[in-house]
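First the structure, in the form of structure tokens, and then the observations on it.
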Amino acid sequence: MDPDTEQMRVEKPNHEQPKPNTEFPDGGFKAWSVVVGAFCGLFVGVFQAYYEANQLQDLSPSTVSWIPAISMFIMFITGPFVGRAFDNYGPRYLLLAGTLLHVFGLMMASISSQYYQYILSQAICSPLGAAMVLYPSFSCVTTWFRQKRALALGITASGSSLGGTILPIVVNRLIPRIGFGWTMRACAFLLLGLLLVTNLTVRSRVAPQPKEAGIIAYLRPFTSLSFILTSLAGFFYSMGMFIPITFMVTYGEHVGLSNSMAGYLVSIFNASSGIGRILPGYIADKVGSFNVSIAAATLSTIFMLGLWLPGHSRESAIAFAALFGFSSGTYTAISPALIAHISDLEEIGTRSGTMYAFMSVAALTGSPIGGALISSAGGSYWKLQVFAGCMLGAGTVFYVLARLYITKGRLWEKV
């Protein structure tokens with residue numbers, strides 16, 4: 001097939017020909033129950049601040065930051081393989097295996113005491129299980145919605161915001177009372193209950209269609225320029241986004257917040273992120289996902305360079321957590337909708353996973369780079385902030401280029 005013909009086929013999904021049994025319900029009990037189950041599946045939390053202050057206090061923040069960095073890398077790099085398995089076999093076995101691995105990893109973290117043990121449990125095992133839940137959850141929601149797709153995906157993604165809001169508070173409250181081990185076990189049991197709901201409710205509306213195996217299946221998405229530009233945007237934005245998330249707590253302590261209040265910055269960030277995932281999702285269904293993504297990426301860059309960089313106060317740290325949480329939450333929620341817009345439904349798992357694998361390098365290197373920049377600046381955060389701001393700005397530029405390419409340069413168009 002001619003590459004240009006193939007490109008037009010995948011880049012104009014709004015004009016795809018109807019196929020038998022492929023009408024999108026865009027609502028109803030089954031469709032919204034999938035959203036509820038996917039929401040439960042994305043309920044996760046962040047524990048790095050505790051590692052730095054307690055279990056791994058003898059190690060530098062840069063060294064400890066490899067735990068979330070490797071964790072995100074594993075979740076992203078496995079995307080193409082999990083996505084391909086979803087396209088070929090459906091979500092059922094992936095969700096079951098993911099549940100077992102995710103909970104097992106948290107249980108093993110509860111009895112860990114050495115750095116390598118946290119790497120194995122929290123940076124490899126648990127994220128691998130989480131990936132087997134995350135990609136099928138997003139992909140299944142996509143098969144049930146079209147007109148309300150961005151809203152449905154935003155509600156789904158807000159599950160991680162709620163988890164990120166609640167779990168740090170739970171952890172901070174429980175650790176002094178029952179210790180780190182039982183706190184992690186309590187979180188694992190909580191997630192097990194939620195993941196059972198995910199296993200019972202999340203299903204794809206489209207029957208799996210086994211396709212050819214081999215490296216070509218994973219490289220084909222890169223024959224589309226719109227996919228390449230969108231993936232580059234996600235890569236640079238992710239590089240800029242993960243850094244402030246990783247170092248938000250330590251920065252709060254740096255500007256004078258108490259340990260407990262600095263810990264609540266994560267909850268503030270995630271609560272705001274939840275709003276940023278749902279409200280812009282509703283707007284994106286009206287004006288276009290790419291248009292909303294450009295606006296959100298622009299705001300993120302402004303908040304980074306115009307607020308976090310010049311602000312050196314406790315108030316500015318709190319304000320940044322809230323505002324950046326909102327804008328970055330939009331990115332998290334709308335990214336799957338962007339890929340769905342330029343992809344065939346039957347390949348949504350593979351193409352989504354391939355995009356996230358492209359972002360895995362950013363996930364792996366962003367946090368360690370941030371830690372190294374802090375050390376090179378003598379404990380100051382200004383180099384980290386400038387670097388993150390430049391990455392966010394580059395991501396914004398590539399979102400604009402992707403949008404202009406898709407619309408053939410037309411400015412006032414829903415896309």
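Placed from the backbone N, Cα and C atoms, the Cβ positions cover glycine too.
The compositional bias 'Basic and acidic residues' annotation in Swiss-Prot covers 1-18.
The region 'Disordered' annotation in Swiss-Prot covers 1-22.
For 27-47 (among others), the entry in Swiss-Prot reads transmembrane segment. Beyond its flanks by at least six residues, the transmembrane segment (27-47) meets 68, 95, 109, 122, 130, 133-134, 137-138, 140-141, 144-145, 148, 152, 155-160, 162-164, 166-168, 171, 184, 187, 191, 194-195, 197-203, 205, 245, 266 of its own chain at Cβ-Cβ distances under 8 Å.
Long-range contacts of the transmembrane segment (63-83) within its own chain (CB-CB distance under 8 A, at least 6 residues past either end) are made by residues 46, 48, 51-52, 56, 94, 115, 118-119, 122-124, 126-128, 130-132, 134-136, 139, 218, 242, 246-247, 348-357, 359-361, 363-368, 370-371. Taken from Swiss-Prot, the feature transmembrane segment applies to 63-83 (among others).
Taken from Swiss-Prot, the feature transmembrane segment covers 93-113 (among others).
According to Swiss-Prot, the transmembrane segment annotation covers 118-138 (among others), on the basis of sequence analysis. Within the chain, the transmembrane segment (118-138) has long-range Cβ neighbours (under 8 A, six or more residues past its boundaries) at 37-38, 41-42, 44, 47, 51, 55-56, 66-72, 74-76, 78-79, 82-83, 86, 91, 94-95, 97-106, 108-109, 112, 153, 156, 195, 198, 202, 204, 336, 349, 352-353, 356.
If you look up Swiss-Prot, you'll see 151-171 (among others) marked as transmembrane segment, on the strength of sequence analysis.
If you look up Swiss-Prot, you'll see 178-198 (among others) marked as transmembrane segment, on the strength of sequence analysis.
For N199 (N-linked glycosylation site), the same-chain residues lying six or more positions away in sequence with a CB closer than 8 A to its CB are G37, R92, L95, L96, T99. Here Swiss-Prot flags N199 as N-linked glycosylation site, drawing on sequence analysis.
Marked as transmembrane segment by Swiss-Prot: 227-247 (among others). When Cβ-Cβ distances below 8 Å are used as the criterion, the transmembrane segment (227-247) is approached by residues 10, 46, 48, 61, 65, 68-69, 72, 221, 269, 293, 297, 300-301, 304, 308, 320, 324, 328, 331, 335, 338-339, 342-343, 351, 354-356, 358-359, 361-363, 365-367, 369-371, 374, 381, 384-385, 387-399, 401-402, 405 of the same chain, each at least six residues removed from its ends.
Annotation comment: Swiss-Prot describes 264-284 (among others) as transmembrane segment.
Under the heading transmembrane segment, Swiss-Prot lists 290-310 (among others), citing sequence analysis as support. Within the same chain, residues 150, 233, 237, 240-241, 244, 276, 280, 283-284, 316-317, 319-320, 323-324, 326-328, 330-331, 334-335, 338, 341, 382, 385-386, 388-389, 392-393, 395-396, 399-400, 402-403, 406, 414-415 sit at least 6 positions outside the transmembrane segment (290-310) and bring their C-beta atoms closer than 8 Å to a C-beta of that stretch.
What Swiss-Prot records for 318-338 (among others) is transmembrane segment. Outside the transmembrane segment (318-338), and at least 6 residues removed from its termini, the chain residues within Cβ reach (under 8 Å) are 138-139, 141-142, 149-150, 153-154, 156-158, 160-161, 230, 234, 237, 241, 244-245, 248, 252, 265-266, 268-278, 280-281, 284, 289-290, 292-293, 296-297, 299-300, 303-304, 307-308, 311, 352, 355.
Summarising the annotation, Swiss-Prot assigns transmembrane segment to 354-374 (among others) and lists sequence analysis as the type of evidence.
Outside the transmembrane segment (386-406), and at least 6 residues removed from its termini, the chain residues within Cβ reach (under 8 Å) are 11, 225-226, 229-230, 232-241, 243-244, 290-291, 293-294, 297-298, 300-301, 304-305, 309, 342, 362, 366, 369-370, 373, 415. The transmembrane segment annotation in Swiss-Prot covers 386-406 (among others).
Taking residue pairs at least 6 apart in sequence, the transmembrane segment (354-374) and the transmembrane segment (93-113) share fewer than three C-beta contacts under 8 angstroms. By the count of Cβ pairs under 8 Å, the stretch nearest in packing to the transmembrane segment (151-171) among 178-198, 264-284, 354-374 is 264-284.
Tertiary proximity for the transmembrane segment (264-284) is limited to same-chain residues at least six positions away from its ends with a CB under 8 Å from its CB atoms, namely 46, 49, 150-155, 157-158, 160-166, 168-169, 245, 248-249, 252, 257, 291-293, 296, 317-318, 321-330, 332-334, 337. Under the DSSP three-state reduction, N199 (N-linked glycosylation site) is assigned to helix.
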